[in-house]
Amino acid sequence: MSTFEKATEAVAFLTKDLPEALKKPQVAIVCGSGLGGLAETVQAEPRAEFDYTSIPHFPRPTVAGHAGKLVFGLLGQKIPAVLMVGRAHYFEGHSMEHITFPTRVFKRLGVDTVVLTNAAGGLNSDYNVGDITLLNDHIFLAGFAGVHPLRGPNDEDFGVRFPPLSDAYDLELRRYVHQAWKEIATPQTSRKLHEGVYAYVGGPTYETRAESRMLRMMGADVVGMSTVPEIVTARHCGLRVLAMSLVTNNAVLAPVTRGDEETLQGKDAGELNDLIEEGKAGHEEVLEAGRAAAVDMQKLVVQTLLKAFGNA
Ligand SMILES: Nc1nc2ncn(CCNC(CO)CO)c2c(=O)[nH]1
């Protein structure tokens, strides 16, 4: 069975009992780590929810903070949308084709715009935890090595064999984000909105210090383990893309301390531990920062989409 046929089967399952107003979602939103609250901004009626385990061929997330449900509803009471609460990742053992299958389902549902959110590590020293980075490009390291969602026979039902990506990050949608942020941010708003480049790493390990420095030197502003495979797949099948990262922690770029006696003289075990532990990333801090920033992120996504499609 081709991916196109699997996506068609999943759409038939999802739409068979959907309220008419929800059968043709215009926008799909992928909620990243700790950002599942976005699905609660969808009003109560009309609304439909599907656990991923019930959807034919859908991948099942295993990471804390990734619930695993598809929510259909109206954003801002007018934009028919489908929201993914929780995503599957390559590092969980899923194939690239499997983690990007939901994007194929969006296409078959008639979605024309996909909004992807994620939690990411900050590489740019101007970024602080809690800031939002509107993505305007990416570096797909795994893709360079052939770990790529479009590897293998091209599915002409979805798109061309050699899709360009120089236009991947929709300029009009990014303009709406900046306009929306001007309306949301107040003088008291501490978090900042940046535009930047996302580096995709396969995970599940967080980067080493040297890897973080390499990514920064390559021009990346934030780093994460998701989103880019979905973006590549979305562009392959002609969807408009809007993507935002929440900076949930700062990647550790500082060179590792030398271990020679001269450098470490006079340091006791506790001080040595502090040196090596400084800035170490952890998933709990990622989730906590996601929860803290979720309301602003939700407002920004909804306000942007109302500007882009609210008069439709
Ligand atoms: N240094 C660093 N900090 C980060 N904060 C969030 N993520 C994205 C990964 N998020 C989950 C997996 O989805 C692990 O926290 C990263 C990352 O990949 N690297």
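We number each residue from 1, going along the chain as drawn.
Each residue, glycine too, has its Cβ placed from N, Cα and C.
Marked as domain 'Nucleoside phosphorylase' by TrEMBL: 27-304.
The local packing around Ala88 (phosphate binding site), expressed as other Cβ atoms within 10 Å of its Cβ over all shown chains, amounts to 25. Under the heading phosphate binding site, TrEMBL lists Ser33, His66, Arg87, Ala88, His89, Ala119, Ser226.
Per TrEMBL, purine D-ribonucleoside binding site is recorded for Glu207, Asn249. Under the three-state DSSP scheme, Glu207 (purine D-ribonucleoside binding site) falls in the coil class. In this view, Glu207 (purine D-ribonucleoside binding site) is surrounded by 20 other Cβ atoms within 10 Å of its Cβ, with every protein chain counted.
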Among the binding-site residues Arg87, Ala88, Ala119, name every one whose Cβ is found under 6 angstroms from ligand 1, counting any of its atoms.
Ala119
Most Cβ neighbours inside 10 Å, all chains, among the binding-site residues Ser226, Asn249:
Ser226
Identify, among the binding-site residues Arg87, His89, the residue whose Cβ has the fewest other Cβ atoms within 10 Å in this structure.
His89
To what whole number does the mean pLDDT across the domain 'Nucleoside phosphorylase' (27-304) round?
92
Rounded Cα-Cα span from Asn249 (purine D-ribonucleoside binding site) to Ala119 (phosphate binding site), Å:
9
To the nearest whole angstrom, state the Cα distance for the pair Asn249 (purine D-ribonucleoside binding site) and Ser226 (phosphate binding site).
16
What's the number of neighbouring CB atoms sitting within 10 A of the CB on Ala119 (phosphate binding site)?
25
